[in-house]
Ligand SMILES: NC(=O)C1=CN([C@@H]2O[C@H](COP(=O)(O)OP(=O)(O)OC[C@H]3O[C@@H](n4cnc5c(N)ncnc54)[C@H](OP(=O)(O)O)[C@@H]3O)[C@@H](O)[C@H]2O)C=CC1
Ligand SMILES: O=C1O[C@H](COP(=O)(O)O)[C@@H](O)[C@H](O)[C@H]1O
């Protein structure tokens, strides 16, 4: 393969959406001392504030169990600098930090919500936040129901009645993943949430949808006219989606033992990416239209037969002279654990566009490298005109489009080009678009866009209850089958590799192989 890098630069001023600024509001984060708040949410809010995207009347209230009055601010500042990739010398934290406060309470203490309600009223007075509330449930999922129930019981889930001549207030809630543990629990949680909040108040977050490159899938397909015509079974041979992580479970043993890879990454992140790749053009870029098309894709996926599923668990390895623990040796993990840290699936979408085009998806922890990527592999041309010196034409690689979600975000189009010289030799070459080269570095960790959208009441990039239930309908039978049939050969891949042999065999039986990444 000859690598011809054609760097794409923006050719004109970007077309921007309308200037969007939310109403004054209080963002209330349940789980304020947790990892997510520190590494992702506060840095995202800080970047929004620095970018002038927040109203000046904004306040952030962190809620958690421990008493943090004295240490929250310095701890939070460290988190913003480390998690947000902020240059310490250039950081202008003071204006943002002055809007953040901490409220200690236990989530299952009913009386705490009454006190919180009074505290938020004081915040409204002090910061001019006008009664608008964005509750962010950044807690372990077992607390979602209780928090929602208590917010409802304390009259905090509905906006205050509108006063004459004043703008209506709003109350919204962002619910973190995992949303349910299986289909039944997801339905039950949806019922509990919708008893208290109407669906238009609920923002089920999947941070993959906040990633620029995931949103760019829709732009690539629907803002350009040259790709959509070939985006179907007539031209596409198959599609691969890979979400590989080099890290392991990062000390989250108890969580991972409950979850496993399928629940943690495939039911949500990978399914969201797949829906953007496979959906029909929505009639508008509005929440109901986009969500409706996504659900149609998930509902068209055929039940996934056990032979089209592969699971793996990493074992110990020495990587570059460093000993890496196997999953079963990780802290607070059962030494005989059956939890999967890798999964690969073959999916068939039975609709007009995709019938006969397999979608192979894989995701795993402790893989060779971190890469999330979609490969659209095209069919060979109908007639092979060009032969090599041996008179053969099977050396010509098929075209593909590779959409790199992370790292090194961008898009590559591979095609054949004539090698200079007297014969018709063909080499594969790449046209490369790099996000960073074209637009410069971005601070967006996915949460910036989604927090802003929730404050604006725009649910386009959030999951609807129908969507969550549709993806759980696909995943739950696999989980049930795996639970009934424990793996005898776990661990079945060494840390630092591309997963178990069975994953290669899944494609080999169709005469294909994973593209080398
Ligand atoms: N961390 C990440 O990168 C990601 C996390 N998520 C999701 O975000 C959510 C939060 O994850 P994470 O931040 O890692 O979790 P952590 O375990 O780090 O944080 C949990 C938070 O909840 C608080 N808490 C726990 N029990 C109580 C209680 N009874 N009363 C009051 N506060 C309580 C803790 O407070 P205290 O310490 O004071 O007890 C802490 O602030 C989860 O649903 C997770 O799946 C999603 C994507 C990525
Ligand atoms: O939700 C989760 O996502 C991360 C991967 O997110 P990324 O933005 O770093 O790709 C994963 O590590 C974690 O296990 C999971 O809970």
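Numbers run from 1 along the shown chain.
Here the Cβ of each residue, glycine as well, is placed from N, Cα and C on the backbone.
Copied over from TrEMBL:
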type	residues	note
REGION	1-20	region 'Disordered'
DOMAIN	28-216	domain 'Glucose-6-phosphate dehydrogenase NAD-binding'
BINDING	31, 32, 33, 34, 35, 36, 37, 38, 65, 177	NADP(+) binding site
BINDING	207, 211, 245, 264, 365	substrate binding site
DOMAIN	218-515	domain 'Glucose-6-phosphate dehydrogenase C-terminal'
ACT_SITE	269	active site, proton acceptor
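Neighbour counts of Cβ atoms within 10 Å were taken for the recorded positions 65, 211, 269, 365; the minimum is at 65.
One residue stands out among the binding-site residues 33, 37 for having the most other Cβ atoms within 10 Å of its Cβ: 37. Reported as a whole number, the C-alpha separation between residue 65 (NADP(+) binding site) and residue 211 (substrate binding site) equals 31 Å. Across the binding-site residues listed here (35, 245), the residue whose Cβ sits among the most other Cβ atoms within 10 Å is 245. Taking a Cβ distance under 6 Å to any atom of ligand 1 as the criterion, the binding-site residues 35, 211, 365 reduce to 35.
With a 10 A radius on its CB, residue 264 (substrate binding site) counts 23 other CB atoms from all the protein chains. Distances between the Cα of residue 269 (active site, proton acceptor) and those of the binding-site residues 31, 211, 245 are shortest for 211.
Filtering 31, 37, 211, 264, 365 by Cβ distance to ligand 2 (under 6 A) retains the following binding-site residues: 264. Comparing Cα positions, residue 31 (NADP(+) binding site) lies closest to 207 out of the binding-site residues 207, 245, 264. A distance of 24 Å separates the Cα atom of residue 211 (substrate binding site) from that of residue 33 (NADP(+) binding site). Largest CA to CA distance in the NADP(+) binding set (31, 32, 33, 34, 35, 36, 37, 38, 65, 177): 20 Å, whole number. Candidate binding-site residues: 207, 245, 264. Nearest to residue 37 (NADP(+) binding site) by Cα distance: 207.
Remark: residue 207 (substrate binding site) has 40, 445, 446, 447, 450 as non-local neighbours, by Cβ distance under 8 Å and separation of at least 6 in sequence. Across the residues the record lists as binding substrate (207, 211, 245, 264, 365), the two Cα atoms farthest apart are 20 Å from each other. All protein chains shown were included, and the count of other CB atoms within 10 Å of the CB of residue 31 (NADP(+) binding site) stands at 22.
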